[in-house]
Amino acid sequence: MGMRPTARMPKLTRRSRILILIALGVIALLLAGPRLIDAYVDWLWFGELGYRSVFSTVLVTRFVVFLIAGLLVGGIVFAGLAVAYRTRPVFVPSNDNDPVARYRALVLSRLRLVSVGVPVAIGLLAGIIAQSYWVRIQLFLHGGDFGIKDPQFGKDLGFYAFELPFYRLLLSYLFVAVFLAFVANLLAHYIFGGIRLSGRTGALSRSARIQLVTLVGLLVLLKAVAYWLDRYELLSHTRGGKPITGAGYTDINAVLPAKLILMAIALICAAAVFSAITMRDLRIPAIGLVLLLLSSLIVGAGWPLIVEQISVKPNAAQKESEYISRSITATRQAYGLTSDVVTYRNYTGDAQATAQQVADDRATTSNIRLLDPTIVSPAFTQFQQGKNFYYFPDQLSIDRYLDRNGALRDYVVAVRELNPDRLIDNQRDWINRHTVYTHGNGFIASPANTVRGIANDPNQNGGYPEFLVNVVGANGNVVSDGPAPLDQPRVYFGPVISNTSADYAIVGRNGADREYDYETSTETKNYTYTGLGGVPIGDWLSRSVFAAKFAERNFLFSNVIGSNSKILFNRDPARRVEAVAPWLTTDSSVYPAIVNKRLVWIIDGYTTLDNYPYSELTSLESATADSNEVAFNKLAPDKRVSYIRNSVKATVDAYDGTVTLYQQDEQDPVLKAWMQVFPGTVKPKSDISPELAEHLRYPEDLFKVQRMLLAKYHVNDPVTFFSTSDFWDVPLDPNPTASSYQPPYYIVAKNIAKNDNSSSYQLTSAMNRFKRDYLAAYISASSDPATYGRITVLTIPGQVNGPKLANNAITTDPAVSQDLGVIGRDNQNRIRWGNLLTLPVGQGGLLYVEPVYASPGASDAASSYPRLIRVAMMYNDKIGYGPTVRDALTGLFGPGAGAAATNIQPTEGGAPAASPPANAPAPAVTPGSAPPVAAPPVPDGSVTLSPAKAAVLQEIQAAIGAAKDAQKKGDFAGYGAALQRLDDAITKYNNTK
């Protein structure tokens, strides 16, 4: 019986077709329009930065990959459909109840749509997915050799880094394409009658059999290739219960042979499948496929499991020894922990120290950091904010400069940025928000070893940082009293100013100056941006594009935008670096520095791999998490790596946004590959100026990854490694408010790398014994230009108290707890413990230092800024405690120990001005034992004092005597009261006629 006539589809009128086309056009515009606008804006932005080649290279690469992958997958699927259609049976028996006949008629009526539309849709999807792998493809095209061969196959590591990922990608796409072609061919033959399921056995046409078995055979061949590549991936895979990343005993002696056996079986099965092309019997290929499946279960899974349970587990330490050695070597290479970088030295950790030995460690004791950058931000806000819209981040940064005497000091530094989210009332108006309040103003630095005066009570004047300020002053001139001269303190780019939903500012001269700049006693002064950065928006096309980009009609109608106007956007320094170098992973810490009289943000960039043979696979998020990262929500991306290099140092100019990339690691093959992909974008290391090199620091995230790996991979013996008996732990932060690991600390101290008493800027961390609270090691990474990147590990053999035990001993000391109880006034005042520093001093000793802060009231109100109230120390089992570093050192080691910490300058006046910042900050005092006040001149015999002045002088002398007596007795409350009496008496003396 023949087929029923096909029901005709109703024809569309011309008007209907036009309406459908318009609707499709609107939908396409809504879908593609925003992407086209973003692409055009990015083209403008990259061009303004001078990195348009990056944009064009990425765009062209993505497009070419999209095109090739789409054509490959879509073409194979189309071929499967086309061949099935061309070889369809001429006559297909059918009846009125045949459901396939309806589908056949529908497909034939829309043959072009189905035969072309389906492959195109699949090709588009495949291309969209494939273009996201442009990084892998560019590395394949430009990757080179590492100069290191893997220990199993003898291949250069460049094969694993650059070639193997591409081969895997290509194989995956071929497998998907052939599988989809098989499905399409199968359905086409079924619809067109090449496959019929009627009757007891059904029927299969010759052409259908040939095409389907050919596609199945190709799939089996691709599986054989996959088995071959699996061999290489064994060297970087992880398996439960295995102590290392990479191939272990079972992998090499069972899994690896199994892969070769399975590959051979797959080739035999492929031949069996292809045999069905000439033989009508399909039982042979079916048997072959079943054999392959059973072999994968028995040979691929069963045999390795038997070897693991019977041979390896009873003798695991010996069996895995060779492969653990491979992992130790590879992990050290991959994470920059080889012997030419890391130096191990024995260190007792509990040696006795004399006062003279401690005093001789001037580089350490004169630089003991009292300012905790996670605590003192409210003090910066209190004294240096100036206006409600200026802002300091909750966590400040640490950098180093030479002080006025040429000594290396570390400073707590911050940029006074504008925070658009703190604008209020009329300040939030679009014109004010984006054209008036456009920039921050000022670089603030506080010597980390210094506070202004001594506070024995949170309500007293003292205990706050000394502020060195670079700022536009009240007369419009740049006040440059900071640690280095600065020509332009205005800040248009930074992490705070960009942290808003509408991150842009419109600048440029259009009539009178309109950007808020500073205030005099009588008026507000405005400013006009003159930097090179910014995208011009003077023409109507640009205004229209940005109106669409930010969904803001004021771009079109506001008269504040003129022919010279420019727009600054994407102002976050780290995001700018990630945009121009999309192959970099940036450090979570961005810090400001003055370099050659310019204010710049410095960002560390990493190149990474996730398939370095035998190197441990590490999660950046978990490895870099510490109490600061958790508290301030600055966790690194959840990215797994087995190779990392701090290959790039980047700077972003805070005024004009210029991004500069410098090569830091000249040996990194990954960086070399990317420098070929994007030639001219990364400057050679030789272009790093000496001024910039002085502010480059060893990056925190890299150090945290390395210290976590050193906890295991400092072990040389594989048997000891397997037993974990000599492993270390990263200590938990002992602060009761913390909930994660103790962060590493930047300090200026004696030079651990050179093992001498010169001053060195370094990043340090204590390490505990495995699952214990005793110290195992002390790690220091040098940031000095001459020894940059050298890591020194002081291994500590005895039972030396770790950070938690030291903190417990300090906080529970009766004298400490009693004194802080008085200061806290039954929790009316808030006591906060600062960072617990671990400092090598003397000839083999370790000094713990923990500053204590107090703020009035128990709240976190901005006005309740913390003041340094005490300094607590511990050396061996002895506690030192006092208002100053010198007092605490003297309590520990005796008189003279704090000689280097007595650089006291007279403090004149009270607190620094809060708004605007003081143009000339008053001298500060490094806490010592002397009262932090300016003593009146002692009259000689030729000077006659008035009776009132003479009486006040006696009060001063009495207060000094009381302070000395209280200090000798260790009466800190009495000492503080005497200092307050002295302060009041001196003020009274100066005001007495």
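For all residues, glycine too, the Cβ spot is worked out from N, Cα and C.
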Practice prompt. Kindly point out the range from 318-356, 903-941 that Swiss-Prot annotates with region 'Disordered'.
Written response: 903-941
Worksheet item: What else in the chain is close to the transmembrane segment (254-274), if you only count residues 6 or more beyond its ends and a Cβ gap under 8 Å?
Response: 213-214, 216-217, 220-221, 223-224, 227-228, 230-231, 234, 247, 284-285, 287-289, 291-292, 295-296, 299-300, 303-304, 307-308
Worksheet item: Which residues, given as numbers and ranges, are at least 6 beyond the ends of the transmembrane segment (287-307) yet have a Cβ under 8 Å from it?
Response: 216, 220, 223, 250-251, 253-255, 258-259, 261-262, 265-266, 268-270, 272-273
Worksheet entry | Same-chain residues at least 6 beyond the ends of the transmembrane segment (113-133) whose Cβ lies under 8 Å from its Cβ atoms | 62-63, 65-75, 77-78, 81-82, 85, 107, 169, 173, 176-177, 180, 184
Response to the item:
Per the Cβ under 8 Å criterion, with at least 6 residues separating them from its ends, the transmembrane segment (175-195) contacts 72-73, 76-77, 79-81, 83-85, 87-89, 92, 100, 103-104, 107, 118-119, 122, 126, 202-205, 207-208, 211-212, 215-216, 218-219, 222-223, 226
